[in-house]
């Protein structure tokens, strides 16, 4: 089955996170990526990376821990006639170089051991016990991969505390703002923009 979001055609896969309100909020609030080197962590279907290609990004690297997502994102890039380098990586593990823009829609649901699902989809939701496990690892490693003057965009849920994210970014030398908000049942979604000073 092929769906279309904002003019981007996407094949779906049962083991890959299907774009939802969080993906769309990030998509509609992307920073200017024209002529920029872009890295997306956790590409899923490839929607955001493909949008960056259509908006004129110079180079795009997209990674995901889920091999089904990497394969699907490659197929979707082909479907939309764009050139993107997709490969498997646990966050920055297999990434080299520095980027102007880094994008991340992390798994943010607080998940106990008995709530985990036996599927690659678990990677898309499971944020650890407090929902911050993956996000905090990402923030800690982020300065090694973002150029000075570069920007990171993080999709944040009120479930995992935007203040905590902001308070972790600032001491690392980031100027932080919330650029978009969306109330959905049980939570508020936000896009956090943080510039490396």
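Just so you know, glycine gets a Cβ as well, placed from its N, Cα and C.
Record check, Swiss-Prot: S-adenosyl-L-methionine site residues include 42, 43, 44, 45, 46, 64, and the candidate from 83, 94, 105 also listed there is 105. Listed in chain order, the extra residues whose Cβ falls within 8 Å of the Cβ center of the S-adenosyl-L-methionine site residues 42, 43, 44, 45, 46, 64, 105 are 16, 17, 40, 47, 48, 49, 62, 69, 73. Close to residue 105 (S-adenosyl-L-methionine binding site) in the fold, though at least 6 residues off in sequence, lie 22, 23, 26, 42, 44, 48, 154, 155, each with a CB less than 8 Å from its CB. Straight-line distance linking the Cα atoms of residue 45 (S-adenosyl-L-methionine binding site) and residue 106 (substrate binding site), rounded to a whole number, equals 14 Å. Residue 106 (substrate binding site) counts 25 other C-beta atoms within 10 Å of its own C-beta, drawing on all protein chains shown.
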